[in-house]
Amino acid sequence: MNALMRRACCGALFPLSFRLAALSPMKGASNFSCGNVCASPAGCWAPPSGHDTGIKVYNSLTRRKDPLILADPTVATWYSCGPTVYDHAHLGHACSYVRFDIIRRILLKVFGIDTVVVMVVTDIDDKIIKRAKELNISPVALARTYEQDFKQDMTALKVLPPTVYMRVTENIPQIISFIEHIIANGYAYATSQGNVYFDVQSIGERYGKFNDSFSDTASESASQDKRHIRDFALWKTSKPEEPYWASPWGKGRPGWHIECSTIASSVFGKHLDIHTGGIDLAFPHHENEIAQCEAYHQSTQWGNYFLHTGHLHLKGNEEKMSKSLRNYLTVKEFLKSFSPDQFRMFCLRSKYKSAVEYSNGSMHDAVNTLHTISSFVDDAKAYMKGQLICQPVQEALLWQRLNETKVNVKAAFSDDFDTPRAVDAVMDLIHHGNRQLKAVSKESNSPRSSVVYGAMISYIEQFLEILGISLSQNQVAAEDRHSAVLFNVVEEMISFRSKVRNYALAADESPNAIGQEEKQQYKERRRQLLLEREPLLQACDIMRQHLAVYGINVKDRGNTSTWELLDRKEET
């Protein structure tokens, strides 16, 4: 009996009643373990066989960090819940998609794991039908409009597109077939009203992986035709003037949960590596997806890892950002004030699974972080060019800090994609780099340490590129001929201003002799020249202020001047 119990626990396809009995304590049965993790009464999670990537992810199925094990060490299958396209995407949606985009980039660029990502577009839904009626347009026209709008928003936020988008309405035959198979397996039933429901009681305690606090005392409402209150719709009979499709159960349309199960299974089959979505989708949506897929495939572990992002909420409001609560900011409205890179840094400053508060203060923290990085890179490049004269650099210490940073960042990424820890490690490196970039008036005879600063610049730019961020200076690179021309115009303008400024400061009036009398004469002459040339110096200062209005930050460094392009949205 112990052998049979072990097979039942580890997922052998015994009849359900036998499996449930085997999972119950039995008199005289010895203890055993099959290496599975049981986070709830809904069943056990078994580590998949395959390649251990060295990454640990917080798995909502087990409620702990598990090693990410893939059948193919270079490819992960990934299903992402996509938008229901009835309105503009808001910042809460954007936060979730940007966070998962960051994870996808880390998997590829740090660990060499490509991702095959399928995202569903729900283009038929109660909300779509309701909104279409309000606007007096067809549900199809509404859905296509906001689907394109969503894709434009994601492009603006630099979110990589999925490998493939799949619309619900283009998969209706597959959905009907999927439902028929679940019915044939004994896990769903059709009603006389033309509805089809999943029979939750048919899978017993396996239901409740994300929420096991159910009451079995509730009975079905008299206004509905399902057997039990927990049963959920796979197919819904159509109402007058609603879109419908013909089916074995009459005219109707699919339920919400069955769409994702069908589309994910049609691409990935009976095994899925990673499933993602917002934490609000864990129950009931992802719970029901799992129930449907395991009923269809006759398996006990369809998806191996479920990753969920935390809510984004406005400062002073604990409720998640939501259209239904009318406490949201659209992506388009947000991008009038801040840039995509600034929002991405905002997302990086918190763990992906944590709730995050949005406010002007939290956004300006992200803006300041990017500015600190950009300023350091600009100063380090000026040092390499000989434009910034500094005291001798402790080169060995900086090499040590750089190597430690690389190790710490890799460790942070391996630990459930801990981006706040990774960013902190890079900011600590910048702190130590800045400490040694202190300008001095005269250059010493000591050799300059350009190479270590070049290596730091290269690593920091690579770090940002991995995460999907571009430094502002790099964004000036010739996207087209006009950008290149403007770049050269600014270069010439700053060079001319630098020459005028040096003349106004009488920087070339230093005497060759160094006697006491000559020094005194030089000081007096320079004082007179500074008074005479004061209007030129004021004009240089005014030019710097005017250029700052257009996002051009001029830095005067002794006898030389450099510039960087800042995002004007930083001033908002």
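Yeah, the Cβs are placed from backbone N, Cα and C, and that goes for glycine too.
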In Swiss-Prot, which of 127-130, 271-274, 303-306, 327-330 is tagged motif ''KIIK' region'?
127-130
CYS260, HIS285, GLU289 bind Zn(2+) according to Swiss-Prot; which of CYS81, CYS95, CYS390 goes with them?
CYS81
Pick from THR53, THR115, THR122, THR309: which one does Swiss-Prot list with GLY82, HIS285 for the same L-cysteine site?
THR122
Have a look at 60-64, 320-324, 360-364 and point to the one annotated motif ''KMSKS' region' in Swiss-Prot.
320-324
Correct range for motif ''HIGH' region' (source Swiss-Prot, candidates 83-93, 336-346, 369-379):
83-93
Are there residues of the same chain, six or more positions away from CYS260 (Zn(2+) binding site), whose CB falls under 8 angstroms from its CB, and which are they?
TYR79, CYS81, VAL120, HIS285, GLU289
Let me know the DSSP-derived helix, strand or coil state of HIS285 (Zn(2+) binding site), please.
helix
Using Cβ atoms only, which residues of the same chain lie under 8 Å from GLY82 (L-cysteine binding site) while being at least 6 residues apart in sequence?
MET119, VAL120, VAL121, THR122, PRO162, TYR165
Give me the sequence-ordered set of same-chain residues, not including CYS81, CYS260, HIS285, GLU289, with a C-beta within 8 angstroms of the centroid of the Zn(2+) site's C-beta atoms.
VAL120, TRP256, HIS257, GLU259, SER261, HIS275, GLY277, LEU281, HIS286, ASN288
Taking the recorded L-cysteine site as GLY82, THR122, HIS285, identify the other residues of that chain whose CB atom sits within 8 Å of the mean position of the site's CB atoms, giving them in sequence order.
CYS81, PRO83, THR84, VAL120, TRP256, GLU259, CYS260, GLY277, LEU281
